[in-house]
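This report refers to the structure that appears directly beneath it.
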Amino acid sequence: MNLTVNGTAQRYEESCRTLADLLARPEWAGKLVIVELNGELAGREAYGDTLLNEGDRVELVHFVGGG
Amino acid sequence: MQDPLMIGGVTLTSRLFIGTGKYSRNTLIPEVIARSGSQVITVALRRVDPQSKENIVSHIPSHMTLLPNTSGARTAEEAVRIARLARSAGLGNWVKIEVINDQKYLLPDNIETIRATEILAAEGFVVLPYMSPDLSAALRLKAAGAAAVMPLGAPIGSNRGLQTKELIRILISETDLPVIVDAGIGRPSEAAEAMEMGAAGVLLNTAIATAKDPLLMAEAFCEAVSAGRKAYLAGLGPVEETAAASSPLTGFLA
């Protein structure tokens, strides 16, 4: 399945079916990640039930240092 | 002395708000928090860098009130989007509105800031807008539901001090919202001066983060803010053009 994550288009394995699957990948693990799926805020409690579809645009953001 | 600052239903005993940017290493942040005595701390929201293991929130003790900023927003809509994303993290409903279109001086766009404040205050956010010190903008921000106004003393990160002092003085005098001087303060003496003028608090980041010894500087700002506040409450003595002797002018030795 092809997804665009933070502006980068990439092919993900078929087992990556939900937002929870995507967030379990090592590059995002251990961070307080906030998700926007196709421009809509994705509820934290529904990550496991939110299915990903071909061509979805995903924004993964988190807090960083700032003033 | 009990002199709390109430904002958004939170009672703050410290009037020094600090940021988390520009530290040489983020592991300094817990000690900076402790030494500054601060209870409110800003963070920014950015795309996750898959290469980085850094997680700023892990350095911030849970008793702190988190104040996410909307840096990067150029319009009210972008600020609203960032604020909603930040709130969804589940770490509170405070937001520092920062809408900037000027990349050289990073001066805030007051008009977009007012629009964003209206929307977010209506959604239940505790809104602290970073603003240019303009009285009509401050009054509109109050009407829009801001919990405080945060005028700049000088451009962000410039350490140039209270360049806008006269305008800030007017905001303090004419708005009944807390006025928190945000941006530009470089020295503890400038923080003290803002507090002596009657500012409700100061927010700073660069002055501590880029000091040679950020921990000692955090302590210096803690004391300066506290001293300035006490001086304001004590009421400064009058300023005179000429000398006014402090010792009696009678009974001199012959």
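Glycine is no exception: its Cβ is also placed from the backbone N, Cα and C atoms.
Because TrEMBL annotations are produced automatically, they should be read as predictions rather than curated entries.
Residues or ranges marked as domain 'Thiazole synthase ThiG' in TrEMBL: B:7-248.
In the three-state DSSP scheme, B:LYS96 (active site, schiff-base intermediate with DXP) falls into the strand class. Cβ neighbour count for B:LYS96 (active site, schiff-base intermediate with DXP) (all protein chains, 10 Å cutoff from its Cβ): 30. According to TrEMBL, the feature active site, schiff-base intermediate with DXP maps to B:LYS96.
According to DSSP, B:THR206 (1-deoxy-D-xylulose 5-phosphate binding site) is assigned to a helical segment. Of all Cβ atoms in the shown protein chains, 19 besides its own fall within 10 Å of the Cβ of B:THR206 (1-deoxy-D-xylulose 5-phosphate binding site). The 1-deoxy-D-xylulose 5-phosphate binding site annotation in TrEMBL covers B:GLY157, B:ALA183, B:GLY184, B:ASN205, B:THR206.
Looking at B:THR206 (1-deoxy-D-xylulose 5-phosphate binding site) and B:LYS96 (active site, schiff-base intermediate with DXP), their Cα atoms lie 17 Å from each other. The Cα of B:LYS96 (active site, schiff-base intermediate with DXP) lies closest to that of B:ASN205, out of the binding-site residues B:GLY157, B:GLY184, B:ASN205. Using a CB-CB cutoff of under 8 Å against chain A, the recorded positions that qualify from B:LYS96, B:GLY184, B:ASN205, B:THR206 are B:ASN205, B:THR206.
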